[in-house]
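Chemist: Handing you a structure now.
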Amino acid sequence: MNLTLEQIQDFKGKYPKQIWSLFFSEMWERFCFYGMRGMLVFFMISQLKFDDEQANLQYGATQAFVYAFTFVGGLFADKILGFRKSLFWGGLLMIVGSLILATNPHDYFFLGISFTVVGTGFFKPNISTMVGKLYKSGDSRTDAGFSLFYAGINLGALLGGYLCIAIGKGEMLSGLIPEHKRWNVAFGLAAIVMVISLVNFIFTQRQLGPIGLQPQRLNADGTFSALAKWNEYSVYILSLIFVPLIMIMVSVPQYTDYFMWTVGPLTLIYLFYEMTKVTSSERNKLWAALVFIIFSIVFWGIYEQSGGSLSIFAANNLNKDLLGLDPNGVNNSGGAFFIIFLAPIVGLLWIWLSKRKLEPNTLIKFGLGFIFLGLGYYVLFATKFFATLQGITSLNIFTIALLVITFGELCLSPIGLSIMTKLSTEKLQGMMMGMWFLASAYGQYVAGQIGAGMAKVKTGANNYDALITYTDGYKQLGLYALIAGVVLILISPLVKKLMQEVR
Ligand code: GLN
């Protein structure tokens with residue numbers, strides 16, 4: 001049965017049934033992605049014998065490139081491939097990348113990583129855009145759908161982030177896997193789950209009706225025809241050419257700086273060019289989308305301390321007063337754990353509020369995102385009041401901070417995906433979603449600089465002084481988050497005007 005778009009979007013109940021197919025494909029893709037990401041630094045230090053600083057810089061570079069590539073993936077999806085083919089091509093590249101790492105991670109490490117970077121760029125933004133397509137514009141259930149989808153993201157992140165490194169380090173299945181094969185198996189697992197993601201997509205994509213099919217060419221007589229095949233093949237070839245380029249760029253950390261300084265302005269110039277081709281009402285919506293994108297850089301810049309300074313803080317300054325759990329384990333996976341439970345509940349809360357005409361609009365949700373983020377960082381600051389003279393403080397309080405920050409994430413991140421699909425014009429959906437993720441690349445970049453700044457201040461300090469330096473830094477970040485929230489509320493009348501009927 002071939003469903004039409006109307007049939008899909010006229011669904012009864014809370015969620016369209018197609019969302020489950022996208023949920024599972026994205027869940028397995030995130031398993032692969034976070035599984036690999038979780039192994040990078042440890043593998044580089046223990047196996048490739050990089051020093052800490054080099055490993056961290058190289059890790060930062062891969063993260064920047066991964067999220068920057070979403071712009072390219074989104075753009076090509078809009079213009080040539082369509083969302084489905086992009087997703088499929090991205091998934092294939094991710095499988096190739098993980099297979100290379102599974103076969104010989106020591107010699108072909110950066111080659112495998114570069115395939116994964118390009119693959120993620122094609123996969124990640126476009127699956128998110130398809131979620132938005134399941135909803136008619138103005139459907140008040142959209143944010144709940146994205147929240148559910150976000151739970152899938154984090155379920156994959158949690159499982160992959162935990163299992164891959166545990167296998168690699170030999171903490172799991174060590175009786176079954178000979179020691180010299182552990183890393184191969186760990187990377188191999190990432191490849192297997194990515195195959196599951198694609199197989200799931202292949203078998204369920206029929207339910208998507210016309211969603212995500214290739215764009216067509218408009219002929220002079222008003223009819224449409226298929227794009228010439230060479231367009232598609234050129235994208236495939238071009239993306240393969242990117243692989244060695246990324247290998248070079250990632251290997252010299254300084255190149256990441258140049259890249260970050262040029263790619264943002266270039267994408268903005270391109271967006272401004274596209275803006276000249278749309279109606280003024282559409283242009284205003286794109287401006288509003290840009291405001292959300294820019295605010296999200298501030299959000300991720302603060303939020304992403306979790307991978308940097310917070311992991312050092314967790315290692316040196318936290319006790320195990322929460323069920324004896326390892327503080328770094330809690331820091332790495334606590335957020336994802338909370339999201340899996342909270343995201344569907346918060347989604348249902350949006351639906352419940354909307355039925356009573358009380359649902360906050362996107363601006364207020366974003367504002368709340370910053371306020372929770374700020375409060376969370378104040379709780380991190382407050383850990384200092386529970387510290388011993390040795391500079392050790394409570395993991396319980398730290399976990400409360402994580403919970404508060406997670407509420408912030410739920411008000412901003414899935415809502416950001418949702419608003420991108422609502423504010424973009426039909427032909428720029430992929431690219432705008434790519435820009436949303438590109439902002440994450442900048443967020444990671446900023447987060448790295450902030451973390452490095454804090455690390456510099458504490459160099460040579462004893463553990464207690466280091467705790468004071470970090471917690472004071474978190475207070476500062478908390479304040480910045482609150483200021484961002486207030487600024488957003490202050491400019492909200494203007495942004496509301498730009499958004500027009502979109503809520
Ligand atoms: N954790 C989310 C994901 O993996 C958000 C990532 C981001 O936008 N920085 O999709």
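Numbering starts at 1 and runs along the chain as displayed.
Just so you know, glycine gets a Cβ as well, placed from its N, Cα and C.
According to TrEMBL:
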| type | residues | note |
| --- | --- | --- |
| TRANSMEM | 31-50 | transmembrane segment |
| TRANSMEM | 86-102 | transmembrane segment |
| TRANSMEM | 108-127 | transmembrane segment |
| TRANSMEM | 183-203 | transmembrane segment |
| TRANSMEM | 233-252 | transmembrane segment |
| TRANSMEM | 258-274 | transmembrane segment |
| TRANSMEM | 286-303 | transmembrane segment |
| TRANSMEM | 335-354 | transmembrane segment |
| TRANSMEM | 366-386 | transmembrane segment |
| TRANSMEM | 392-412 | transmembrane segment |
| TRANSMEM | 433-457 | transmembrane segment |
| TRANSMEM | 477-495 | transmembrane segment |
Chemist: For the transmembrane segment (183-203), name the stretch out of 86-102, 366-386, 433-457, 477-495 with the most CB-CB pairs under 8 Å.
Modeler: 86-102
Chemist: Cβ pairs under 8 Å only, please: of the recorded stretches 108-127, 335-354, 477-495, which one is richest in them relative to the transmembrane segment (286-303)?
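Modeler: Highest pair count goes to 477-495.
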Chemist: Are there 3 or more C-beta pairs under 8 Å linking the transmembrane segment (335-354) with the transmembrane segment (366-386), counting only pairs at least 6 apart in sequence?
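Modeler: Contact between the transmembrane segment (335-354) and the transmembrane segment (366-386): absent, because fewer than 3 Cβ pairs are under 8 Å.
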Chemist: Which residues of the same chain, at least 6 past either end of the transmembrane segment (258-274), have a Cβ under 8 Å from a Cβ in it?
Modeler: 64-65, 68, 71, 249, 286, 290, 428, 431, 435, 438, 441-442, 445
Chemist: Which sequence-distant residues neighbour the transmembrane segment (433-457)? Criterion: at least 6 residues beyond either end, Cβ under 8 Å.
Modeler: 56, 60, 63-68, 70-75, 121, 124-126, 128-129, 256, 260, 263-264, 267, 271, 289-290, 292-294, 296-305, 307-309, 312, 416-417, 420-421, 424, 469-470, 473, 477
